[in-house]
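Please read through the structure below; I'll follow up with questions.
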Amino acid sequence: MSLIVEDVIRPNANFPSEIWGDQFLAYDQDEQEGVEQVIKDLKEEVKSELLTALNSPTQHTELLKFIDAIERLGIAYYFEEEINQVFQHMYTAYGDKWTGGNTSLWFRLMRQHGFFVSSDIFSTYKDKEGRFKESLEKDVHGLLELYEAAYMFVPGEGILDDALVFTRTCLDEIAKNPSLSNSAVSSQIREALTQPLHKRLPRLEALRYIPFYQQQASHSETLLKLAKLGFNQLQSLHKKELSIISKWWKSFDVANNLPYARNRPVECYFWALAVYFEPQYSESRVFLSRFFSIQTFLDDTYDAYGTYEELEQFTEAIQRWSITCLDGLPESMKLIFQMLVKIFEEIEEILSKDGKQHHVNYIKETLKEAVQSYMTEARWAKEEYIPTIEEHTKVSYISIGYKLALVAGFACMGDVIADDSFEWVFTNPPLVNACCLLCRTMDDLGSHKGEQDRKHVASTIECYMKQFDASEQQAYESLNKKVEDAWKEINREFMITCKDVNIHVAMRVLNFSRSVDVLYKNKDHFTHVGVEVINHIKSLFVDAIIT
């Protein structure tokens, strides 16, 4: 039964309907008999191979290839301790002076694991005139490795900027070769140019890489079998969680009670999984996907439903955390508030088992900050005010909701998380700021056209055009450059500045950035769920990998 019975004329965003129905409501336990022991035995084999190769310097190049395969197959979480030991040993043994083969792979993996090795090692790739050597232009494998390595750049690394331009140009030319149009090489190049490894979601990369790895003559049968069994085992857990989310969603009859809002329970779970895919973060996924849903309702209520006066009252209710402030508001707003209260009560009960119930207060404070930013944007929209870039940035970094989502997800990370992680986020550190800049900018670039078809707060695009008297095209070019610069900042902070931050915490910030490259690249794939995201969801939650 719908709660919406009113005559108030409201804005209508006309969001596309939810497309999954009850598809994920039921969960059938997959047959797992005997699989646990097989996985355990395979893991021991791999651990033995890792440590044997580590103790033999002549095998270190092959060891890097082995670890790269482990990570791309999506099973690195089985071997965190061993992999960390490998890279710590390699950094101690070689520092910046790698003497093995495949320099690009060594460089990429060292930086991925937080070791800021020098990019000067690529100076040997250039000739006396400072150009990349012609001999590199036809080496497809070498070009791909250098291309992927270049995405580990930080601000001011001209040699990596040059390497990226050089490899993009060469790979693009090779991909156009008619004789390669249907080859695996051409497909590999196109995938890399579309989305480099550093920006890919680990779970989606595993799906892509498993069949590719199987085709390689040099593949390890042990790794391949473990990757397939591990993928299916983890998929079973993910499907169980998605069923929990679907039942929670259905219990609120969201489609009828909040018809103006985006109904995206499955997409919210996909997003949470993008950030926390590993098995140990089950509680984070379930909580964050529900919280994402409520964040979406809040965003749409401020953006595409409430009157200005209603939103002022609703904001006060959340700031005071008082249900008595809701008198006279639409039933939909009361429902959202009730959902917030209920989810906070549930998470507080869960956290109290470990004496961490006070972590709920961090989420509440960040929520209040976000809601205040929504209210500021509602005022700007009402007044048709176009702020300066500086004004817009100060508010929109908060309203984009990623700081809130980070804090919410942290709460359920178990022993990994402590008060200092929340306090770190509350200082607005450069890593989090760079992530918010990336997310805000890509969101605006992806959703700008659709949002400006209706009355909407000015996006970064309009602010830039007004402040710099620029064309829309100039604004797009400038903001795309900001996105690339934000990735450089994220890399720098991850490798250099955040050495004292728990690596598992910092990795969530990186994964959030990656998720946006999937959901907001070129368009708003979260609001307008297209074939690409539908296929991602089906492959992750419907289709099993044949073992």
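Just so it is clear, glycine is given a Cβ too, placed from its N, Cα and C backbone atoms.
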Pick from 44-48, 134-138, 239-243, 299-303: which stretch is listed in Swiss-Prot under motif 'DDXXD motif'?
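Among 44-48, 134-138, 239-243, 299-303, the range Swiss-Prot annotates as motif 'DDXXD motif' is 299-303.
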Checking distant contacts: for the motif 'DDXXD motif' (299-303), what same-chain residues at least six beyond its ends satisfy Cβ-Cβ under 8 A?
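Counting only partners 6 or more residues beyond its ends, the motif 'DDXXD motif' (299-303) has Cβ contacts under 8 Å with 13, 15, 258, 260-262, 311, 314, 332-333, 336, 371, 374-375, 377-378, 401, 456-457.
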Round to a whole number and give the Cα-to-Cα distance in Å for the pair Asp299 (Mg(2+) 1 binding site) and Ser447 (Mg(2+) 3 binding site).
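Approximately 14 Å lies between the Cα of Asp299 (Mg(2+) 1 binding site) and that of Ser447 (Mg(2+) 3 binding site).
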Fewest other C-beta atoms within 10 angstroms of its own C-beta: which of the binding-site residues Asp299, Asp303, Asp443 fits that?
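Least crowded of the binding-site residues Asp299, Asp303, Asp443, by Cβ count within 10 Å, is Asp299.
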